[in-house]
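A.B. asks: Have a look at this one.
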Amino acid sequence: MDSSSPKPPTDSTPRMRNQKTTVSAPTQRAVNRNWNFYWNETTNDMSSIDPCAFNYRGPFPFPTSEAINIARYLKSLPNVVAYMDIHAYAQLILTPYGYTGGLPSNYDSYLKPLAEGAAKALAAVHGTQFKVGDIYHTIYPATGSSIDYAMGEDRVPVPLEIELKDMGLFGYTLPADQILPSGQETWAAIAYILHNLKDE
């Protein structure tokens, strides 16, 4: 991670979801760290085993109702061509993978150009710059992400993660006057992606 890269957020509140547990510890889990595709496969990633950490992966795959229900819904759909995980924050458009430094077979020919086009479409709205790349090399190694799961488990050819603005000044609590602009530019990125999908 270089000095221009967004730093891992330490304010856990919006990332975490409360869930009943049998352990005497905080009951929050990072939803985007507990999908069942190479979950907990590495020890040097940004998915923590510490129940008090902002990036706690949970005691087992799919301990949150959000993740398991989205996964079930995804599996129920035939021929899904795109999946987008949208949350805050870091100004990134990310592709798989997070669990490994290896890249998807369609990364150079399709995924990266599509994400770069989306970042340009987003920037054309209000000038906000988003960085593009795979999770592992762009921010940090991280297992259990939903886009890794979508591509690896469900064979979705275009799984992308959009990390909304900003870079950390306001973090998860954008001022009210930035909410509409954020929505406008994010929609421009999504529209670009949808208009440029192709059969694979």
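Cβ from N, Cα, C; glycine included.
Caution: TrEMBL annotation is automatic and unverified by curators.
Note that the structure is a prediction, hence the values are computed from the model and not measured.
Here's the feature list from TrEMBL:
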COMPBIAS  1-11  compositional bias 'Pro residues'
DOMAIN    1-197  domain 'Peptidase M14'
REGION    1-26  region 'Disordered'
COMPBIAS  15-26  compositional bias 'Polar residues'
ACT_SITE  E163  active site, proton donor/acceptor
A.B. asks: Tell me, roughly as an integer, the mean pLDDT over the domain 'Peptidase M14' (1-197).
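C.D. replies: The average pLDDT of the model in the domain 'Peptidase M14' (1-197) works out to 83.
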A.B. asks: So if I draw a 10 Å sphere around the Cβ of E163 (active site, proton donor/acceptor), how many other Cβ atoms end up inside it?
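C.D. replies: I get 20 for this one.
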